[in-house]
Structures are given as structure tokens and as C-alpha cells.
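Report on the structure given below.
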Amino acid sequence: MVINSRFFNRSELIGFIVLAAVLFVILPLSLDVFRLNLVAKYLTYAFVAIGLVLCWGYGGILSLGQGVFFGLGGYCMAMFLKLEASSVENTKIQSTPGIPDFMDWNQITSLPLFWQPFHSLSFTILAIILVPGLFALIIGTAMFKRRVGGTYFAIITQAVAAILTILIVGQQGYTGGINGMTDLRTLKGWDIRPDHAKVILYFVEVVLLFACIGIAQFIRLTKLGRILVAMREQEDRVRFSGYSVANFKIFAFCMAAIFAAIGGAMFALNVGFMSPSFVGIVPSIEMVIYTAVGGRMSIFGAVWGSILVNFAKTSLSESFPQLWLFGLGALFIAVVLAFPNGLSGIWADYVQPRIDRLFAARKPKPAAWTDDSVADGAPAE
Amino acid sequence: MFGDYSLGDLGSIFVMQGFAGLILFSVYVLMALGLAIIFGQMGVINMAHGEFMILGAYVTWMTSNLFQTYLPSLFSGYFFLAMILAFVASGALGMLVEWVLIRHLYKRPLDTLLATWGLSLILQQAYRSVFGAREVGVELPQWMLGSLHVTDSIEVPINGVFVMCLTVLITVCVAYVMYKSRWGRQVRAVVQNRIMAGAVGINTEKVDRYTFGLGCGIAGVAGSAFTMIGSTGPTSGQLYIVDTFLVVVFGGAASLLGTIASAFSISQTQSTLEFFLSGSMAKVLTLLAVVGILMLRPQGLFALKVRK
């Protein structure tokens, strides 16, 4: 991978440094472990939001089924953790020791076949990437090869989210039903519940998040990213230029699915359970609003959107549970009507010019000089 | 799965489940008709459609309470007034929403989806604040209770028959309005070519507003009918919205006949499967089949040939 000196332009570099400083230094130093763990939970949605920036902001494909991939990733991780938590010693009191408790409650006497491979951590990690990726590949191929897009795609992905939720809730013996998989304890013998583990998991998650930001930024800068934008604006013209529009759409959709799945897996690790309430229609559409609030064209905006909306949700629903739905509804409408580019749009329209003016005022030399110096100072390899 | 039943039993089961399916079909058709007008004709994704339906249901509930308190003698006929009120209330709200929200978004169909979802959250919370979180049920007048005995093993509830008759009546009305009236012709003209329709003197903004109002009004009537067969809560509408969208898409948007055919096939499949499998698996299989067919035939059952 060749990182040229323009991997981030100046404003993106500022965004990158601010985000890194906040996530790596300021939040861990200023918050107690409980609040830090909440931030870790918010950040799991940031993975989904970054995927949506690629797929919706750049590709123009609105998926209302990201909860499906979030859930698939989360459930894969949770299955591994649940198996480890249900060792024979831990489950002595069950009528069949060694299987997860909810199976025992549902009169299942042996571990189902599709659960068996989840004894292995390496298989689980592969599954977290491959299961949602392949699922997205199947849906994407079926839909985009037939040139289904736009609103129809949104509705069908939404239906898929509904189907998966009903299935998970209905098949209680295999999935834990409406309660989901609870009581996850250890990862390869390492307890994930105490405070120091939560802090370590937080940092692992932030590192992964920045890896995803890097991948997304790389895709955005390559020709691929430009084709995605071209496709969103003039699909037919791209097709007539000889590009296979369907394949690019499938790629964007699969990437978004994989990002969402990583977020889901981190959710299971950080929060310690996984349930169908993070899979269905409502969470899926809320994930879209995180992206929309942050700015559907901005990768950093998506991260900020996820953090801020979830923070508002936690604090509002703690103190004014009645107001939260009004607030969220108003947010949806406001973002669509007044701020279609979200926070990053507001930043670019109102804050950025002021900063530029400030820089220009402080340094009377020509602006081009500062641009060059910053570009040279960018993380060049 | 058929092993334990005799042939006669199976026949009765299919008739009874078929009838239960027909009631589900009525609800689907009533909801989907409004949605087909809004989505199929205008291209607007109205995620708040379920909440317009629930508004109709609450209006019906209030009307029935009013009649019970002040006009007990006329209680047996309250439903007809309630239906009209539900239509007017939901239609008026729909027109207001179109004026405030939707008309700014005609060029961005995906954004109508997000905005109307926000609207649906606000309406849900508003219902919860006004009517309480508990589900409410209306009291049916005497003549709607009980059931008709067709044979020894087959009986059909009267309220179900009534809801079905209502569905047929409304469908005929909508078909007449859309395909025979002058106004329906204007709607279809605006859909086919907005600029040309404007050029020949159709007030396209007015047509949009009334079309949206009509779709929402029908949703209100659907809510009215819905109270006959189930209770109403602030989030009842959301339960049906995905199914209804699938009905419209499966039937082929912009085709009223397709909407009816797809509502029929989906509801019948679901209710027949429900008897033999658990409710959730029946729903999963039905929805999977619909999504599967849509992947093979994205334009839906009855598609108009339109150039993009």
C-alpha cells in the first residue's frame, strides 16, 4: 500500500489528530471506567457508521439492514464467548453440562452442529469477517446484478433485518431468544469483566477503529472511491464507460457489512452480551442516523455522530425518558431538512472558514506556503 | 405435518385458516392501498404510515367512547361515523405533513424515508403521552359480535366479514377515484411527467398534497377497521410497516391490482403456515419467500413497463 503525502489533506489531518487525541488520551484520562465502557459501546456503532459513509455517502446505497451485519458479527463473537463460559465445570447444575444455559432451558441435549466450530477462536475471528461478508455478497449480488437499487434496496434490507430478528427470537433454543446471549465471561481464559480488562478492550477497539478509518480513507482516495461517487451521481454514464456498476456496489456493501460486523464483535466483548434488540429494524435505522448526523460524506464525522447521538440518548433517556423519542424524531427531520451534510457540513460551512481566516491573519505569508508545509509534515512513508 | 388430521379436518382447517388469512388480507390491503398511492404514485417512502393508521384507530376508539357516554342509543352505528372521522383526521394530518415536510424532499426519496421515520417516532411518543402506553380496545356493537355457522366445523366471525366487505368497498372506491375520475387522471399525469403535467395546467403541488392526504386518509380507515379485530397501542403501527412495504413492493409499485394480489398471497401463505408451524417461523418463511421472489423478480408481480 502506497501512502502518498496527501493521504490526509490539512483539514482531515486536523480531524484525525483531534479524534486520536480525544479517543486515546482525553477520554481515558477524564472518564471513570463505567463511562469509558459506555464510550466503547458508542464506538462500536462508529464502525457501522464508517461503513455507511462508504456505502451510503459515497456509493449512494442506503442499507437499512446494517443491524443484520452488526448482529451477525456480534453473535459470532458471543457464541465463542458463551461456549467458553459454558464449560462443563461452570454448568454442572444443568441436566446436560457443557452446553449454554439457554439450550438446557429449552430441552436441547447436545450442542447443535453449527455451534461446534465456535470452540476455536481463530475460526470465530474468520467467521466474524466471512459470515456477514458472504451474506452481504449474496444479497448484494442478487440485488445489484438485477439493477435493484435506491428505495427498493432499502426496503428489502429492512425486511431482511425483520426476518433475522424474528428468527433469532423464535429459535430460542439455538440463539438465546429475546434475551440474547448473556453472561459472557472470558476470552481464552482472560476475564473480560473486571475494570482493567474493560480499559484494555477499549484501547483495542480504538486501534481497530483507526484501522477501519485508514481502510475507508484509502478506499476513498483511490480510483475506487471516485468511481463510487461517479456511480452515485450518474450511474448510467459509469456503466456506459465500461465499468461494472454492480460489482462496485457489491464491494461497497460488503465493506460496510464487514465494518459493521467488527463493530458487533467488539460490542459483544465490551458490553458482555448480545441480543436481538441490536439486530432489528429500529437499531438498523438508528445506525443510519448516526451517519447522517455526523455527515454522510465524512468518515470522522461518522465517528463523532455515533458518539454524540448515543451520548445524547444516554443522558436524555436517563433524565427525560419522555423527551428522547421526540428529540430523536426531531433530529431525523432536522438532519434531512436543514443539515443534509450533518455536523461535518456545519463544520465545513461555518467553522472551517473561520479557522482558515485565523491562520491567514496570524501568518501574513501566502496561504500556499502553509499548505505545502503541512502537506510535507503529513504522515509520509 | 398433515399426518394427524383426517381429510375432512384438513378441509375445515384450510377454510378456517383461509378465512383468518382473509382478515389479515383486509388489513394488509387497507394499509397497502394508502401506501401504494403514496409510494407507488409519488415515490415517497412514508415510514410513518403505520402511525397514520394508528391515528385512525385512536379516533375510532374515542368516537366509540363518546357514543357510549352521550349517545348510547346510536351506539350500534357509531362505526360509520368513526370511519369518516378517522379518514378526515389522518388525511388532514397527512396534508399538513406534506406541506411541512414532504414537499421539500420530492427529489430525495431516500431522505423522505429518514424524515418520515423521525415523524413516526414523534407520533408514537405523542400517542404515548396522550393516550397512555397501554393498548386500548373498542367495544363492538352487539350486531358485530358472534359468528356465522357455515357447517359444523366451520364458523366465521361477523366482524371479520364486516371488515372484508369494508375492504372491498374501499378498494372499489380507490380504483374508481384513481382510474375513472378527473382527479385520478391528474394524479397519474403528474406521476408520469411532472413538468408536462404542470405545463398543461395541472396544479401539481395541489395534486401532490391531496394525493398524500388521500393515502394517509385510507390509512386512517385501515386503522378504524383494525380496531375491530385487535387492540391498539402506540407502537402497533410499526409492527405492520415492513410487511406492508413488502406487500406494495411485491405487488409491483404503482399497480393497485398487484397490491391486492400480493396482499392476498402473502396473507394466505402466512396464515396457512401459522397453523402448522409456530407463528414466528410462519412469518419468517413467508417473508423469506417474498424476499427470495423479489430477488428473482425485482419489479414485483404486476409491473408496468416504464422506461427509466
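Glycine is no exception: its Cβ is also placed from the backbone N, Cα and C atoms.
On a predicted model such as this, the values are computed, not experimentally measured, just so you know.
Pulled from TrEMBL, these are the features on record:
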type	residues	note
TRANSMEM	A:12-30	transmembrane segment
TRANSMEM	A:42-61	transmembrane segment
TRANSMEM	A:121-144	transmembrane segment
TRANSMEM	A:151-174	transmembrane segment
TRANSMEM	A:199-219	transmembrane segment
TRANSMEM	A:240-267	transmembrane segment
TRANSMEM	A:287-311	transmembrane segment
TRANSMEM	A:323-348	transmembrane segment
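Most Cβ pairs within less than 8 Å of the transmembrane segment (A:12-30), among stretches A:42-61, A:151-174, A:287-311, A:323-348, belong to A:287-311. Long-range neighbours of the transmembrane segment (A:240-267) within the same chain, counting only residues 6 or more positions beyond its ends whose Cβ lies under 8 Å from a Cβ of the stretch, are 40-41, 43-48, 50-52, 54-56, 58-59, 61, 63, 66, 69-77, 128-129, 131-133, 135-137, 139-141, 144-145, 147, 149, 201, 204-205, 208, 212, 215-216, 219, 224, 227-228, 231, 274, 278, 287. Under 8 Å from some Cβ of the transmembrane segment (A:199-219) lie the Cβ atoms of residues 1, 7-8, 12, 16, 20, 23-24, 28, 33, 36-37, 39-40, 43-44, 46-47, 50-51, 53-54, 192, 225, 255, 259, 262, 266, 269-270, 299-300, 303, all in the same chain and six or more residues away from its ends. Under 8 Å from some Cβ of the transmembrane segment (A:287-311) lie the Cβ atoms of residues 12, 15-16, 19, 39, 41-43, 45-46, 48-50, 52-53, 56-58, 62, 64, 66-67, 70, 209, 213, 216-217, 220, 260, 328, 331-332, 335-336, 340-345, 347, all in the same chain and six or more residues away from its ends.
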